[in-house]
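Below is one structure; the comments refer to it alone.
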């Protein structure tokens, strides 16, 4: 049986995960297992307790954002008393891909065996320089990690000492667990959350609430104390509480920021007793910072970026062999500053004071680590030990984003989500968040590394929210074929990747073009398989160079266009997706017209309608929009006729569902708000026409219809909906006005449109009225003559 990516959730019988993953009947789950062909990465872990052990209701998982190039999508299916299965599909397939999209983790055929190349550009943290899967640790010292928070942690004076430490790393961790690590475990808290997820199939409803428990911890960054956990641990939360180790009281917490893409959330506890019980002061500045702090962070980030470029350029020739190289490496680590200090163990905390963890450096292969949290199997804190097995770009199951991740062999179980992972210096080197499991897989867990964590925190300090990870907004193709390279005028020895398409909503669309050959990014040469040098003897997908930066940053790219080498400056952005992978914990919008229910297509909706196999069960045209569609503008959506509620006005249309709406009364529909505006204007115009005809004592029948059709409005009292597959639905305006209240009442729908859509529509109407008023004032001023007292 192929490997299964499971959401580490304590399910209590229904398998409903805390990340609001899709659950369906057990038969669906078994069918998913039988048809699964690819190993799947297992989702976030937290312990959830559904309301009813026997109730298996459809839900929707929130996969994440469309990245540049191709992005994998995850859909989950829950088992009663067993974890869900993750299936992934590629949005933009590369030429090397077969008909079936590539797996999330690719230990099997289809992945690049030579470099472990990871698809196309995907966002990763500004501090995240990530290595590709290495088959064995390099015995020689490596150049320091370019970001200050990613410097190697273990001080090395002699080569023999380093080798000996590597041999007994796990043993040392076990020996020191009760001594050195014990005080720092007080910084780990248990997180309790009540989740209430929306029903994407019936978007005016919410599902029955359920509870979950996971882990969190206190960490220091940028002069503030942060309480961090996983994003899926507080997904669609209605209440969040935390409990200290050894305490019997739970404290209410509020969510400061949620990064769905990187599966990290920042919490804040306002009760001063929570902090007083740990001998700490409440972090008054945890939620923001002043101008001086922002300048300091900007300066640190600039230094980190420059160090990254230098390290990337010099990594090819630096071997660091022998004691001299190790001493140079250690000196560089000591100069890394507060974010990357790892020259020794963390200082022991004063008695009676709970320590706030320090973010340590990116570990090396075979470094010993310990996972601390509150997993399934008991209520007290738990510690498991292991070593670093691999460091590479991995898909984050909760956000469907490819970012840097650490693979370890320590056990990560349900409830470990959000817990810290320690190195031998008692520094936090990451956050436990997901695991890979299956009949042929053992002890494969994944950790969010500190470069991703610092990127999330720095992003919040810069913007006050989570803006995500940037992308070039391109899909690209490997250029390993000699014939392909010669066809594009590449010289012998010249390498790069071919730009196949550019997302029109990406900022790079003003600079890059299809058929450009991307040669380098910020001075780092890109090979024909899309990888770049990373640390000593390793290579990694060039997407990590992009995701090291922040949204709005600039980069210099070198391209070959028509045989001419060009150096271009591009602005990095987060391109929009035509069919988004998740809604960032927002409720799905909807619009009811008569008995027609419209909603924008998104992956949670498809998963709610078709289960974990939506990649093969959903309508092919919707899948084409999902995997290959690119929006022409940021606000563009795929508006879907979700279902037709039976009533007098919709007689004969009851079997139409899940098909895209293309146009309304001859006007192409851009998004759901645009449709609501068009329908409202058409109904209002029809009412005005009817009122005018009643005042005149009659109607001219065909003349009114012809005039309305010529104006492109109600077409004589008819509302025409042009659907995909050349289907047409026509309703009468009079019937729509009459039956809509009845439909809302009979189906317990509170409003004919979602509150968020109503607010967006009101803003649009207010803007149009303001524009009309300004145009009217201008017209009056132009008509009035100066001698008549008019205003020019």
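Cβ coordinates come from backbone N, Cα and C, glycine included.
TrEMBL entries are annotated by machine, without manual review.
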Which range of 743-767, 768-792 is region 'Disordered', per TrEMBL: 768-792
Segment assigned the feature region 'Disordered' in TrEMBL (from 690-709, 710-729): 690-709
Confidence summary for the domain 'Protease Do-like PDZ' (579-755), mean pLDDT rounded: 87
Secondary structure content of the domain 'PDZ' (470-572), with strand meaning DSSP E or B: 15 helix, 43 strand, 45 coil
